[in-house]
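Asks: Take a look at the following structure, please.
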Amino acid sequence: MTNEFLHFEKISRHTWQNLHRKTTPPLTQAELNSIKSFNDKISLQDVTDIYLPLTNLIQIYKRSKEDLAFSKGIFLQKESRKQPFIIGVSGSVAVGKSTTSRLLQILLSRTFSNATVELVTTDGFLFPNKTLEDHDILNRKGFPESYNMELLLSFLDSIKNGQDFQIPVYSHETYDIVPQEIQEVKAADFVIVEGINVFQNPQNERLYMTDFFDFSIYVDAEVENIENWYLDRFKKMLTLAENDPKNYYHRFTTQSEEEVVTFAHNVWKNINLVNLLDYIEPTRNRAEIILHKAGNHEIDEIYLKK
């Protein structure tokens, strides 16, 4: 165990799954297939073993937050204002953050009666490609400087204060922000914020993004496994782009498999791996819980902050 994990309790999958009474998952296999990322693997057994206990833990944190808000209201002699419960989900590119976030969205909406759950990805806070090109940082896309952190912090502040907020929409097909398209985010009961940068500290800012989160999750895996998943995803994206000239990945469909693999490997090595080791993984210990995935995508270990 490294010093980084000294203030985490390591829990095996077997131990974790026994922390929650066995119940039927509140979704079907078809629903699960529809929300998982196309290069990810997850089963209803994973939902039962990992995500139902996790949902129960989130329920404990939510109740604790509400109790504290009520007590502070009494102390300050004013009525406490209802706030959304904000969950941050971070981890590397291709590690399975989106699957975790979409699954939590369904589980929370069905576990808490009449609960509303919003899901936001920080991709929408990337600067448009034109802006990145103008600043000569298109090759740094995904790195801290490629995000509009001022807008992201404004969003978190507004949502935390119960105000709705409009954010830009990002397309993985065009690899860019979609012009004139917005996502209206409601100050729901739960707001899940997913992205590689959600635990990072903005440069020259006194506000930390983690200050806004009531619960935080880091999806982890060995670097070599993440690389394999990334390369697998890249090749599958090409298959989807074959008949769509507007798709960013269409340009690679005329290349040989060897050329494609070489290009994808270079992107991983020079961009995604550097970003992971320098900026994403160092924020791992800011999470409340770390879900570690084995090479078969199954979560085999859980680290819960003490």
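Any Cβ shown, glycine's included, is placed from N, Cα and C.
Pasting the relevant annotations from Swiss-Prot:
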BINDING   GLY91, SER92, VAL93, ALA94, VAL95, GLY96, LYS97, SER98  ATP binding site
Asks: Which of these binding-site residues has the least crowded Cβ, counting other Cβ atoms within 10 Å: GLY91, GLY96?
Replies: GLY96
Asks: Where's the emptiest Cβ shell within 10 Å among the binding-site residues SER92, SER98?
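Replies: Selected from the binding-site residues SER92, SER98 on minimum Cβ neighbours within 10 Å: SER98.
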Asks: Three-state secondary structure of VAL93 (ATP binding site) from DSSP?
Replies: coil
Asks: Three states by DSSP: which one describes SER98 (ATP binding site)?
Replies: helix
Asks: Using a 10 angstroms cut-off on Cβ to Cβ distances, just flag whichever of VAL93, ALA94, VAL95 is the loneliest among these binding-site residues.
Replies: VAL93
Asks: Residues near the ATP site, GLY91, SER92, VAL93, ALA94, VAL95, GLY96, LYS97, SER98 excluded, by Cβ within 8 Å of the Cβ center?
Replies: ILE196, VAL219, ILE226, TRP229
Asks: Enumerate same-chain residues with a sequence separation of six or more from LYS97 (ATP binding site) and a Cβ-Cβ distance below 8 A; give 'none' if the list is empty.
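Replies: Long-range Cβ contacts: VAL89, SER90, GLY91, GLU194, GLY195, ILE196, VAL219.
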